[in-house]
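Per TrEMBL, the feature substrate binding site maps to Leu5, Asp48, Glu53, Asp54, Arg73, Arg120, Val243. Positions annotated as active site, proton donor by TrEMBL: His148. Residues or ranges marked as active site, nucleophile by TrEMBL: Cys249.
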Amino acid sequence: CRQALRRAAGPEVDFARAEREHQLYVGVLRGKLGLQVLELPADESLPDCVFVEDVAVVCEETALLTRPGAPSRRKEVEAMKRVLESLNLNIVEMVDENATLDGGDVLFTGREFFVGLSRRTNQRGAEILADTFKDYAVSTVPVHDSLHLKGFCSMAGPNLIAIGSSEAAQKALKTMQQMSDHRYDKLTVPDDAAANCMYLNIPSKGHVLLHRAPEEYPESAKVFEKLKDHMLIPIANTELEKVDGSLTCCAVLINKASDL
């Protein structure tokens, strides 16, 4: 935990509690929702490897292996590559040394991509993503006061963007609205960190939303509770948040049956 990257100094991660929170997160995906969960082996030489979202962007049958903005994270791609190869996805590798892309900067709405230009993702990375997923429009969004674009926004439903209340979040939303030909609904929550939620559309369950627990962000939790059509599942992420981790960071969702 002490070696994990973090934007600002703060309280130390309670490792035992972080493990418990992560086990509950995996338990919800596997046990409560019935998803097949492929867990990558831990790698003690890569302190940030729990944040698998950053090293791959998967859409339909194609997986783009990214080139993370932090050099210390680039070896994380190798384990992800092995798993995605086992799923027989079309794999594209980002080999341009001028490109950087973190999956945490990639918001796929179901109809288009928004890519945050941040400390970790640059224009060249966004261009390679656009070349990889040619069927979809790709727009770039400057990111300020957040590590990643999804540090203050995410999809909360098929046409619904959850967005934080900060000036930086609202500015990014305005840019996305200007860039898009489509009108999205928005769900504004008081806390930027709580705007990172995890939406799934599961045939047997319908609309499912994992969101931050009321004990962490009580006011934001009240906003999510207004989504009456969703199965709402509160998830605590207290410890990984200390090292800039969000709910979407710890999983790559793949819409494909696995025989593994």
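Start at 1 and count along the chain as shown; that gives each residue its number.
Cβ atoms are placed via backbone N, Cα and C, with glycine included.
A C-beta separation below 8 Å, combined with a sequence spacing of at least six in one chain, links His148 (active site, proton donor) to Asp102, Gly104, Asp105, Gly116, Ser118, Arg120, Thr121, Ser246. In this structure, the CA atom of Asp48 (substrate binding site) is 10 Å away from the CA atom of Cys249 (active site, nucleophile). Cβ neighbour count for Arg120 (substrate binding site) (all protein chains, 10 Å cutoff from its Cβ): 24.
Fewest other C-beta atoms within 10 angstroms, among the recorded positions Val243, Cys249, are seen around Val243.
Each residue contributes its Cα atom, and for Asp54 (substrate binding site) and the residue listed as 'active site, nucleophile' these two points are 7 Å apart. Scoring each of the binding-site residues (Asp48, Glu53, Asp54) by how many neighbouring Cβ atoms lie within 10 Å, the top position goes to Asp54.
Here the residue listed as 'active site, nucleophile' is positioned 5 angstrom away from Glu53 (substrate binding site), judged by their C-alpha atoms. Across the structure, Cys249 (active site, nucleophile) and Val243 (substrate binding site) place their CA atoms 11 angstrom apart.
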